[in-house]
């Protein structure tokens, strides 16, 4: 778990300029557990301003409407209900608007599905992380945290891809190139993060490096088809090509050409015009498809579905009034507006979801670092999980995997690089961001092992996305969770300082 503190002055200057009055106020608000036990607190770390505890994550959000005592007496059920409702809203947005806009984008702009998954889809599903990080710079003036990067990264790679394998409905062949490409850039991102935090400070140089690497990633995607053709022509990589093309019991998705764009040229058409036969054309509207006939105001059949429809009706109406449905012919050309407004909805709903989960964890006295690796990581990555599962069930396995890995590249290079750049260049030019890098080695090793395990498991499974593959990845995720929780609980290693008390 990392905690980042931004200041234009050095730690010694901060300590010398701190008055006794400020320190007394700080001590009253932040009493470490060692002080409560009449022990002398450890104040050897200057960047924490002589406070031997970690500010709780709940203070990075607005104050809960229900106080702590009421939540402990049963009021917490309201936060649980809101969390489930936000999850329902994210499922509706991803299924009805976000994924269809991406499919239209791939079709009309002739973009490969895996490229769209690693760029547009990853950026849209990771919008909450980017929005929260930018808000933290200009509004909250709080930590630009990178601790949840570890939890979200492992969740995206192991859990999201594993769920896609289990519930895709059939085995899907994976193309080795998209996974190799995205994992390569993800490894570069991890090494860049390790380089940026080598001296426990981040300057504008590191922030520019991160933004430059992500720009390079996008440029690389622009030449993806040429690079893929070149890579598959290499003799040393021919073994991957042969494994992907092996017939295995299952379904392989191969997109067909758009037959609507093929010109009709045959002898019959010429005979019709040469015989001077007068034809009468009738302009009649085509029958509406099922998607265009469906209405949000039509209740589905079945008690269970009707109950869910009643609860989700406010969300359905809100989306209907604010997001154009690009699946309908009259809104088809506005697919990019659908994509943008879907991202806004995803960002708002995900922010509320993470807020509610944070309140739940704080009320139940669960350590923030453990929440960050488990429930918060899952909550922040819910859009990735839902959108990846939807496209996987449509047969787009490469798009699902590219979204999972590409989201990690986006989270590290842009969700960290952009706030760092804003802080060190715009808000406080020339300032430094001080980072407490406790557990950095453990976290980096975890990320590297996860990438290696993903590639190895995929290769040994002959590049198939199936139930066995999904089960293996979920088992790996379970092992990671157990080890991470034990580490953060200080059962082995040093889990960091205790959490500060709060009146939230």
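Note: Cβ is positioned from N, Cα and C throughout, glycine not excepted.
Listed in TrEMBL:
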DOMAIN    80-222  domain 'Sodium/calcium exchanger membrane region'
DOMAIN    336-485  domain 'Sodium/calcium exchanger membrane region'
TRANSMEM  76-98  transmembrane segment
TRANSMEM  118-140  transmembrane segment
TRANSMEM  152-173  transmembrane segment
TRANSMEM  179-197  transmembrane segment
TRANSMEM  204-223  transmembrane segment
TRANSMEM  307-323  transmembrane segment
TRANSMEM  335-364  transmembrane segment
TRANSMEM  370-392  transmembrane segment
TRANSMEM  404-427  transmembrane segment
TRANSMEM  439-457  transmembrane segment
TRANSMEM  469-487  transmembrane segment
Task: Mind pulling out the one from 152-173, 179-197, 307-323, 335-364, 370-392 with the most Cβ pairs under 8 angstroms to the transmembrane segment (469-487)?
output: 152-173
- prompt: What are the helix, strand and coil residue counts for the domain 'Sodium/calcium exchanger membrane region' (336-485) according to DSSP?
  reply: 120 helix, 7 strand, 23 coil
Message: Counting only residues 6 or more past its boundaries, what in the same chain has a CB within less than 8 Å of a CB in the transmembrane segment (204-223)?
response: 115, 118-119, 181, 185, 188-189, 192, 195-196, 409-410, 412-414, 416-418, 420-421, 423-425, 429-430
Message: For the transmembrane segment (439-457), I need the partner stretch with the highest count of C-beta pairs below 8 angstroms, choosing only from 152-173, 179-197, 335-364.
response: 179-197
Message: Please tell me whether the transmembrane segment (335-364) and the transmembrane segment (76-98) touch - that is, whether there are at least 3 C-beta pairs under 8 Å between them, with each pair 6 or more apart in sequence.
response: yes
Message: Counting by DSSP secondary structure, give me helix, strand and coil numbers for the domain 'Sodium/calcium exchanger membrane region' (80-222).
response: 117 helix, 4 strand, 22 coil
Field: Chain residues outside the transmembrane segment (370-392) and at least six past its termini with a C-beta under 8 angstroms from it
entry: 1, 57, 83, 87, 90-91, 94-95, 98-99, 102, 113, 117, 121-122, 124-129, 147-148, 150-152, 154-156, 159-161, 163-164, 167-168, 172, 346, 350, 353-354, 357-358, 360-361, 399-401, 403-404, 407, 465, 481, 484-485, 488-489
Task: Please give the sequence-distant neighbours of the transmembrane segment (152-173): residues at least 6 beyond its ends with Cβ less than 8 Å from one of its Cβ atoms.
output: 129, 244, 248-253, 377-378, 380-381, 384-385, 388-389, 392-393, 395, 397, 400-401, 404-405, 407-408, 411-412, 446-447, 450-451, 453-454, 463-474, 476-477, 480
- prompt: Do any residues of this chain, six or more beyond the ends of the transmembrane segment (307-323), have a C-beta under 8 angstroms from a C-beta of it, and if so which?
  reply: 85, 88-89, 92-93, 96-97, 296, 299-300, 338, 341-342, 345
Task: Go through the chain and flag residues at least 6 beyond the ends of the transmembrane segment (76-98) whose CB is under 8 A from any CB in it; none is fine as an answer.
output: 64, 66, 124-125, 308, 311-312, 315-316, 319, 323, 325-326, 338-339, 341-343, 345-346, 349-350, 352-353, 356-357, 359-360, 363-364, 379, 382-383, 386-387, 390
